[in-house]
Protein chains: 2
Amino acid sequence: MGEFELIRKYFTLHSNEVNLEQNCVQLGIGDDCALINIPHGDVLAVSTDTFLEGTHFFKDTNPFAIGFKSLAVNLSDLAAMGAEPVAFTLALTLPDSNEDFIAEFSRGLFTIADRFRISLVGGDTTRGPLSVTITVMGKTPCNEAIRRSGARDNDVICVSGALGGAAYGVALRYDKSKIHGNPDSAKAFNLLDYPNPRMDLVPFMHKYRVNSALDISDGFLGDLKHILDSSEKSAEIDIKDIPISEALHNLPADEQLNYALNGGDDYEICFTLSEKDYLLWQDDYKSGKAPKIYRVGTIKELSDNRISKGNRVTFTENGKAVSRHIDRNSFSHF
Amino acid sequence: MGEFELIRKYFTLHSNEVNLEQNCVQLGIGDDCALINIPHGDVLAVSTDTFLEGTHFFKDTNPFAIGFKSLAVNLSDLAAMGAEPVAFTLALTLPDSNEDFIAEFSRGLFTIADRFRISLVGGDTTRGPLSVTITVMGKTPCNEAIRRSGARDNDVICVSGALGGAAYGVALRYDKSKIHGNPDSAKAFNLLDYPNPRMDLVPFMHKYRVNSALDISDGFLGDLKHILDSSEKSAEIDIKDIPISEALHNLPADEQLNYALNGGDDYEICFTLSEKDYLLWQDDYKSGKAPKIYRVGTIKELSDNRISKGNRVTFTENGKAVSRHIDRNSFSHF
């Protein structure tokens with residue numbers, strides 16, 4: 001089967017099926033452009049990410065996971081903005097027309113596309129070193145998109161899930177001697193290869209008036225800094241409140257904390273909201289009506305004199321000042 | 001200067017300036033997503049294309065031209081759909097952080113972005129073999145997008161400009177012995193490297209109720225076939241009416257025709273409209289109120305018995321049947 005036929009078999013035909021279910025998509029693949037209806041009162045949210053073999057995923061990553069994760073991390077950007085998925089385009093560069101690869105890649109891609117009801121509406125396939133660029137489009141009510149810049153004094157800082165497990169997966173892929181007999185390696189690899197974009201949070205982020213949000217892709221501390229820079233605020237973080245991934249539970253406490261604070265690839269959401277809204281969310285969580293969230297700190301004025309110059313985050317431990325050293329350097333992805 | 005600073009200097013800062021002028025763009029680069037207002041009554045048009053060194057442009061193409069052409073060919077897709085430009089994202093993969101390259105690439109990119117008032121709203125930069133993926137977004141009134149599938153019996157088939165010059169540029173880049181002393185090589189390279197997306201046609205395509213359109217990227221005959229397949233029609237083309245690029249005028253007549261019919265990279269628009277609307281357009285052209293267009297043939301019923309089986313295009317020459325052989329094979333891009 002030629003490359004054109006492979007693309008048609010594994011991408012074009014599937015995408016048309018999904019399009020029929022998606023009333024936003026007026027015209028899918030096959031013309032010069034796709035056509036998409038953005039409902040009146042909504043704004044379009046757009047994000048682009050490139051995935052390169054050797055930079056964003058290891059050479060031995062299975063094609064199903066590459067397809068899955070490429071779209072998952074883009075969906076995560078929509079979730080962080082408070083947007084619902086609508087459509088995406090795929091630019092795929094392949095070294096050869098290997099049907100096994102294309103079949104598994106597309107199965108991974110459409111597993112997550114179908115789960116979150118997002119339509120493939122266009123793309124381009126070229127020959128070259130393996131690379132995946134996805135542009136994802138979503139919608140959110142005008143003036144309700146959640147920006148990084150909206151954090152307010154005394155906002156509660158939350159994260160949507162346990163941190164550090166995916167970064168441990170990266171470390172294990174680098175040092176394979178630590179995989180054998182390690183009860184946690186499967187968990188860590190699962191977190192690394194199959195991130196769960198937190199689309200489930202979106203309605204709750206609007207309901208509880210979340211003021212600022214982003215997704216944790218480069219490590220909690222580094223990403224929190226983007227909120228603090230954009231919002232011109234500082235933060236106090238209690239290290240005992242950081243939720244640690246289960247995949248790390250057999251490591252020494254300091255290593256656990258280091259992965260959770262500085263590891264990347266979590267794709268949980270970090271967000272801030274008022275104390276009052278946080279308490280409402282917690283009440284609803286306790287009665288089973290909202291997803292679990294983790295309070296990890298508080299937004300402070302930038303002029304707060306407890307914040308040392310040049311560093312916007314201070315740490316406490318069970319409410320008291322921390323005496324021990326806390327590593328603040330993000331891991332590199334690879 | 002590090003890569004992050006280079007990107008900031010040459011892309012982020014510029015894009016913000018353009019954003020301020022573009023009232024569709026609510027939020028540009030710098031958050032998890034960009035936010036774009038699609039006016040009520042309009043539909044979003046989206047297209048993605050990848051440009052790879054060695055596949056879509058020659059290794060010695062200057063970076064200004066790479067930046068210019070990458071966006072130009074995407075804008076051409078919007079024009080072919082009858083859409084006005086709004087915003088684009090850029091995924092750029094670079095082998096190294098060469099400031100000269102980035103400066104010239106971005107100058108080419110923003111030369112055309114500014115000309116057509118389209119905003120860069122997001123992107124991603126990665127390290128790897130040179131590759132440019134652009135996703136372009138435009139808007140067009142709901143139900144007025146011009147599809148490939150709308151051609152009607154007896155529609156006049158038009159093209160928006162002379163054909164074949166860019167393909168001659170490709171041929172000259174392959175066989176450099178023919179460049180020296182060739183008075184046409186500069187014209188051909190200019191057509192190849194700096195295609196002019198025909199955004200100027202968009203208002204006229206709507207005004208004269210164009211029924212079907214696409215842009216000529218793979219060669220006139222091959223692209224016309226997409227209209228005929230989608231619309232379930234056939235066509236009669238008069239080879240004497242095909243407008244031949246000036247860059248070809250010193251070649252033998254058969255070669256000229258071959259480049260014009262089968263060469264790619266023209267980025268002119270091929271479209272169909274009723275005889276009545278064609279005559280109205282021509283009247284307005286003669287009084288200086290509409291751009292020049294070239295009538296090249298007529299859409300016919302698919303069952304028309306003059307159409308030989310398996311071939312949807314028949315040729316005439318000054319209105320009479322053609323006896324000589326006409327090559328119908330598209331050139332490959334490279």
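Our numbering is plain: 1 for the first residue shown, then up by one each step along the chain.
Every residue gets a Cβ built from N, Cα and C, even glycine.
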Determine which of A:Ser47, A:Ser70 appears in TrEMBL for the same Mg(2+) 4 site as A:Asp32, A:Asp77.
A:Ser47
Taking DSSP as the reference, which of helix, strand or coil describes A:His56 (substrate binding site)?
coil
So among A:Asp32, A:Asp77, A:Gly123, A:Asp215, A:Asp265, all listed as binding-site residues, which is physically nearest to A:Thr48 (Mg(2+) 1 binding site)? Use the C-alpha atoms.
A:Asp77
Counting distance between Cα atoms, which of the binding-site residues A:Asp32, A:Ser47, A:Asp49, A:Gly123, A:Ser217 is nearest A:Asp265 (substrate binding site)?
A:Ser217
Just to verify a number: CA distance, A:Gly123 (ATP binding site) to A:Asp49 (Mg(2+) 1 binding site), in angstrom, no decimals.
14
Of A:Gly123, A:Asp215, A:Ser217, A:Asp265, listed here as binding-site residues, which sit with their C-beta under 8 angstroms from a C-beta of chain B?
A:Gly123, A:Asp215
Sparsest-packed of the listed binding-site residues (A:Asp32, A:Asp49, A:Asp77, A:Asp218, A:Asp265) - C-beta count within 10 angstroms
A:Asp218
Say you check the Cα of A:His56 (substrate binding site) against those of the binding-site residues A:Asp32, A:Ser47, A:Arg148, A:Asp215, A:Asp218; which is nearest?
A:Asp218
Counting Cβ atoms within 10 Å across all protein chains shown, which of the binding-site residues A:Asp124, A:Asp215 comes out on top?
A:Asp215
Check the Cα-Cα distances from A:Asp49 (Mg(2+) 1 binding site) to the binding-site residues A:Asp32, A:Asp77, A:Arg148, A:Asp218 and tell me which is shortest.
A:Asp77
